[in-house]
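Engineer: My structure is below; once you've seen it, I'll send some questions.
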């Protein structure tokens, strides 16, 4: 594939800047490059895969399950990502500074039992990473680092959703315009599945996650899940939280401090990519496994990197869940493409291996889909060392999983067009990204009715693949259709910003790309192909019962939908929506 004009321009700009450093002796630039840690010098697979600590969002009182209140802090500390890398300054979640980890503790909740979490900000006055005030509306008057926690995939009241403007600083000294309370309430009445929690402060999400503010959340429902006889227990059912980072020689996280349009945004870059692949807080770890089935709940917690996972020895993934919901039946596949924020729930049967080891590998270009090929460092994820002894395995791969009530387009109440725009400067470098031609802080334009379904036709007018995440609602992907005469359509949309007036039906009639089999279940985020219209059916009720929510979803501050490439989300590629009765 020919490189895009944008990439060519970016490469040329990088060359010019590099030459300027050499000619002018720009010590700051040269020193910055010299301080980068050469990751090729790190030996892979020397650290064991860590067990992430677990916090239970429930407890037993006289033999009965009861709600529990958790207090989880955000702390500044040092973290060892690799045996031979100096300790790294990070922000970490935990019940204390000593116990705080990257990723944060896995919260386990039980269906029907409320969990309450008081998130406490213990972070210092100044950030450990460069951040761009031209894109961040979350700027406190008296210093400190704004934070707010979003439970990704959670179905709960707006005041507990982690709205980007509901931020707070250390000790709740300052709060955002939509902050309401110190304690979040997770009602846990949705379908069982996998979620993750992470920071969501306006304009700071990318740097706060890069610093380490993320963790897993699992909702269990024993009467529904136990009959499936999937692998269980701490050894055989494990979250894998995966992200990419680069480092300086002193161990600190490297993030480019110069924007691609520095006269507009001094620091903002359209995507962050690191070369070390981190799993559960360790770079390229190893895990010794037995010859039996394991369950891995894999979260892509990267800022912008897509992963296309596969095993070096050809082992299959048996996909049982996608994002926060089970599939109707298991799907076997040789590879899995995971966008930032997506979760895939898989079984791997190591008894099928013909080799003693297997590398979990990656071959997704970055940016996806037409960026650079992977390198030696970012093409390796982790290593499995497979025990030679066979053993009895009582877990199974069931023929069926969980069948939810069907979703029919005929039941939808309306169709909405959601257009993704990217705007560039005179040097053809991105300056900002809008949805429907509007910034995040423009008034609400989408007002779905509680208990209904809507068809959203997502029109990607950019050259990037954008993972679209919808808070509260879940959806099914119906079809993906290429645009014909796309430049003509983009020109009209840029002028009129109206898909109907631009006669979308004339252009959305190109080749159709089938939805991958294991992504045909209920999703809360999906990859929107560039130059395509992706039709989804969004459900605004519980999918397991089709019942209305158990809370008032019409409250302020409402919900949002956005691109989950964090650098895009922070630079306006997010829109609010409000539920109505």
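Glycine is treated like the rest: Cβ placed from N, Cα and C.
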Engineer: Hey, Swiss-Prot has Cu cation 3 bound by 471, 562. Any idea which of 198, 200, 221, 265 it lists too?
Structural biologist: 200
Engineer: 185, 408, 432, 466: which one does Swiss-Prot list with 563, 568, 573 for the Cu cation 4 site?
Structural biologist: 466
Engineer: With 198, 564 listed by Swiss-Prot as binding Cu cation 2, identify the candidate in 127, 142, 152, 518 belonging to that site.
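Structural biologist: Answer, per Swiss-Prot (Cu cation 2 site with 198, 564), from 127, 142, 152, 518: 152.
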Engineer: Compute the C-alpha separation of residue 152 (Cu cation 2 binding site) from residue 563 (Cu cation 4 binding site), stating it in Å without decimals.
Structural biologist: 13
Engineer: Would you count the other CB atoms within 10 A of the CB of residue 150 (Cu cation 1 binding site), including those on all shown protein chains?
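Structural biologist: The answer is 24.
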Engineer: Which of the binding-site residues 150, 200, 466 has its Cα nearest to the Cα of residue 564 (Cu cation 2 binding site)?
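Structural biologist: The smallest Cα gap between residue 564 (Cu cation 2 binding site) and any of the binding-site residues is with 466.
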Engineer: Using a Cβ cut-off under 8 Å and a sequence separation of 6 or more, which residues in the same chain sit near residue 546 (N-linked glycosylation site)?
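Structural biologist: For residue 546 (N-linked glycosylation site), the qualifying residues are 405, 539.
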Engineer: Can you tell me how far the Cα of residue 562 (Cu cation 3 binding site) sits from the Cα of residue 150 (Cu cation 1 binding site), in Å?
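Structural biologist: Distance (Cα to Cα, whole Å): 13 Å.
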Engineer: To the nearest Å, how far is the Cα of residue 471 (Cu cation 3 binding site) from the Cα of residue 150 (Cu cation 1 binding site)?
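Structural biologist: Answer for this pair: 9 Å between alpha carbons.
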Engineer: By DSSP, what is the split of the domain 'Plastocyanin-like' (274-361) into helix, strand and coil residues?
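Structural biologist: Across the domain 'Plastocyanin-like' (274-361), the residues distribute as 3 helix, 56 strand, 29 coil.
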Engineer: Within 10 Å of residue 460 (N-linked glycosylation site), Cα to Cα, which of the binding-site residues 198, 200, 466, 563, 573 are there?
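Structural biologist: Within 10 Å of residue 460 (N-linked glycosylation site): 466.
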